[in-house]
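Here the structure is laid out as structure tokens; the discussion comes afterwards.
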Amino acid sequence: MIQNILRVVFGSKFERDLKKLIPIVRQINSLEESIKGMDDSTLSSQTKKFKERIVQGESLDSILPEAFATVREVSLRTMGMRHFDVQMMGGIALHGGNISEMKTGEGKTLTSTLAVYLNSLAGNGVHVVTVNDYLAKRDANWMKPIYDFLGISVGVIQHDMDHEQRKVAYAADITYGTNNEFGFDYLRDNMVSHKDHKVQRSHFFAIVDEVDSILIDEARTPLIISGPSDEATDKYVRVNKIIPKLSEGEDFEVDEKARNVLLTEKGVSHVEEILSIENLYAPENVDLVHHVHQALKAHKIFRVDKDYVVQQGQVVIIDEFTGRPMEGRRYSDGLHQAIEAKENVTIAKESQTLASITFQNYFRMYDKLAGMTGTADTEAEEFKKIYNLDVIVIPPNVSVQRKDSPDRVYRTEKEKFQAILTEIRELQSKKQPVLVGTISIEKSEVLSKMLASAGIQHNVLNAKFHQKEAEIVANAGKPGAVTIATNMAGRGTDIVLGGAQLYKENLETWKDEDEIVKQFKESILRQNLEYAESLMQKMDSGTKQKRASEILSSVKIWKKNHEEVLAAGGLHILGTERHEARRIDNQLRGRSGRQGDPGSSRFYLSLQDDLMRIFGSDRISGLMKWANMPEGQEIESKMVSNAIARAQKRVEGHNFDIRKHLLEYDDVMNRQRIVIYKMRNEVLENEDISPLISGFIEETVENQIVTHCEGNNPSAWNLESLKEWSDGLDLNLQIDEVEFKKSKNPQLSLFEKVSSTAKLKYESKAEKIGKDIWKLLERNIFLDILDHRWKEHLYSMDHLREGIWTVGYSERNPLVEYKLQGFRMFDTAIENLKNEIVNFIFRVEVSENSKLPEEKKEYKKVGQEITGGFQEFSGGNLNRSQSNGSSVTVTTSSGGGTERKTSRRRKR
């Protein structure tokens with residue numbers, strides 16, 4: 001109601017956003033003629049002038065109109081592409097730290113150059129984030145001529161790069177890379193033992209391409225650096241064998257909405273009988289409950305060719321949003337091992353977390369964050385609440401001509417597929433290309449078999465054939481082409497009507513500087529083929545004429561195909577099922593009708609589809625039965641469309657709640673991570689950490705006095721225990737209660753005496769060993785102990801989170817309990833850390849003749865990178881005594897401290 005009133009008074013949000021953007025665009029346009037009049041040298045020197053103005057205190061906002069006008073002119077001169085006004089709007093929105101929603105084919109990559117260039121002038125580095133290595137490299141190379149002309153350096157991060165290559169890439173003004181690489185490099189930077197080993201600079205400004213995919217679809221995916229665990233894998237095989245013996249409905253119940261499986265009372269008894277145990281929920285069987293639960297999910301919730309595929313003896317997760325395989329990614333909490341046992345492949349050992357972060361918390365570290373996508377408006381609430389990002393919808397340069405037809409709904413999946421087959425045959429007969437969207441490999445293969453049986457030639461794009469992705473997408477716009485794509489596989493590559501424009505690659509690789517060749521290339525790009533043909537005749541060699549002839553021939557073939565597809569109605573999108581998120585459906589539709597091209601779309605649904613079956617309304621099914629509809633008859637009505645929209649909104653709301661809830665849990669770890677990494681960086685950045693150690697000594701002394709000598713009555717003190725502690729540090733402390741009885745504040749006097757004695761001992765030790773050796777030694781001791789304690793704490797927190805759900809049975813809030821217990825555990829871990837560092841510092845011994853060990857400067861990589869499976873809650877718990885007393889093998893800090901640490905441990 002309030003929104004409607006505001007809309008009447010102030011206009012819609014879209015209108016309000018445009019009112020803010022249009023005056024700035026006019027200001028940019030007013031500068032176009034003066035910028036156009038500059039020669040190349042003057043134009044390229046603009047960067048230097050802008051930087052000087054920033055140094056003098058001018059803001060980026062005030063430089064924006066000139067900077068954007070400069071980029072527009074440079075783009076035209078170097079690449080032949082001039083930014084449209086709507087792209088200027090997109091660039092302004094990005095610079096403001098917003099999400100620019102721009103439809104497919106509107107030129108998001110070119111739009112980003114505006115905000116990227118402007119923010120690079122600040123000198124703090126700009127990160128451009130893409131969904132895969134290919135797009136990072138493609139976009140960086142594609143836009144590089146603009147940046148090169150302006151004297152702005154560009155770096156690209158690729159998965160297979162070594163440490164030194166990464167340092168060079170991050171040192172550039174602009175760095176392109178994937179969300180995974182940026183996140184993992186951040187974690188690794190917080191595991192190094194020397195500040196020069198860090199690769200990233202600051203987190204100043206990031207533009208995230210396909211922002212909905214990264215910040216929403218992958219929000220529940222933690223990045224994890226792990227080390228090996230000693231846990232055996234035979235338990236997974238043992239538990240896997242009992243699942244086929246359990247009956248659904250009697251022993252367990254499947255909750256498809258929550259994607260969960262719950263044991264019944266009868267099921268618990270049955271499991272106890274099969275495993276020959278008395279009580280499944282006895283403390284010693286906590287892990288067993290967890291593994292039974294995960295095995296049930298592996299068998300009853302997770303399906304092969306839908307959630308994962310088995311390739312070369314390995315279980316590979318399928319991205320539910322793109323249909324792509326996610327190599328190297330594993331489900332967490334033993335679920336992946338349970339699926340491996342189910343599929344009878346080699347079971348990998350569970351790993352132990354050394355460092356982790358979610359994309360939600362990584363990207364919230366940036367001073368300014370922005371994003372681009374074709375579909376963000378439906379998730380505007382989540383972007384605002386989680387990331388404080390506004391979605392600004394940018395109007396298309398040319399209005400969309402695509403015709404979106406109403407959904408057709410059938411009673412059964414069989415009827416639906418028959419109708420789809422009929423429609424595809426009809427479309428292909430008139431040479432209209434069709435992109436068929438499915439939500440799983442399983443469904444795409446069912447449809448593929450039906451098409452093959454009907455003699456319809458087609459291509460399939462899913463996780464099993466993703467290597468051919470670029471080629472299949474490039475040809476999806478050919479006359480009569482039928483392409484089956486799982487979800488949004490191929491996103492990031494435009495489907496061009498008429499098929500791949502191969503001649504463009506030929507033009508780009510033809511580097512001849514001859515003036516006639518240049519004119520020929522320009523006329524081809526403008527589709528002026530008659531003039532191009534006359535230029536070909538004037539070329540001075542047979543070799544040039546032959547190449548020009550090949551290009552002309554290729555253009556003519558494409559143009560003929562292009563016109564044929566236009567006449568047939570453009571690309572038709574045929575959705576075989578509605579996705580849980582409207583945004584994914586909109587992405588599929590958005591593949592058609594780019595830049596004013598004609599196109600059409602329609603979704604075919606059945607009451608047996610997952611969305612309709614699990615979340616849909618029973619009224620639709622009842623209506624179809626009541627109407628006594630014959631087999632094969634479809635229904636098109638507003639009521640059905642509204643019911644589907646409501647179902648999708650319910651699922652979107654449910655998924656948002658899950659992501660928000662998980663973030664509240666992850667925020668607990670994030671606050672702790674910030675404290676640890678800040679402490680670590682303080683050690684790395686300072687050669688002399690004696691002030692930090694002195695503070696630890698004071699805290700340790702204070703804790704010992706509070707523990708053993710409470711209050712101001714010396715007669716009640718346990719001086720013997722205090723003396724025992726001080727002897728362990730070799731303090732040679734002489735104390736007698738008599739000397740403190742006359743003091744006005746006996747406890748304070750005791751603290752001052754013990755503290756000053758400890759500090760004198762600390763200083764004399766540094767003098768004896770040699771200050772240079774001592775500085776290096778205590779920094780290495782600090783980092784080794786910090787990394788070890790942090791790893792142990794992560795292990796304990798993982799198990800706390802895994803079992804915290806059980807407090808719900810006693811009517812306590814699991815999140816509140818997790819925060820309370822997590823805080824207590826962290827407080828204890830920090831106290832133990834300080835005590836251990838002080839104890840180690842006082843006990844370490846180095847012979848008098850020791851020389852300063854040469855500090856190792858080479859970088860050493862530690863741990864395995866895992867993009868974890870979706871975070872989720874599971875059964876099973878670990879009691880506090882087990883988690884706090886865990887024995888974890890110490891691993892070296894990255895950076896090469898192994899030899900030094902070994903020698904210190906021996907001396908200790």
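Residue 1 is the first one shown; counting continues down the chain.
The backbone N, Cα and C atoms fix where each Cβ goes, glycine too.
Feature annotations, courtesy of Swiss-Prot:
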- GLN87, GLY105, GLU106, GLY107, LYS108, THR109, ASP494: ATP binding site (BINDING)
- 871-908: region 'Disordered' (REGION)
- 874-884: compositional bias 'Polar residues' (COMPBIAS)
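On the structure: features taken from Swiss-Prot.
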| residue | record | Cβ contacts under 8 Å, 6 or more apart |
| --- | --- | --- |
| GLN87 | ATP binding site | GLU106, GLY107, LEU110, THR111, LEU114, ASN397 |
| GLY105 | ATP binding site | ASP494, ARG594, GLN595, ASP597 |
| LYS108 | ATP binding site | GLY90, SER100, MET102, ASP209, MET372, THR373, GLY374 |
| THR109 | ATP binding site | ASP139, TRP142, MET143, ASP209 |
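Within the group of binding-site residues (GLU106, GLY107, ASP494), the Cβ with the highest number of other Cβ atoms inside 10 Å belongs to GLU106. The Cβ centroid of GLN87, GLY105, GLU106, GLY107, LYS108, THR109, ASP494 marks the ATP site; residues of that chain outside this set whose Cβ lies within 8 Å of it are MET102, THR104, LEU110, THR111, given in sequence order. Classification of GLY107 (ATP binding site) by DSSP places it in coil, neither helical nor stranded.
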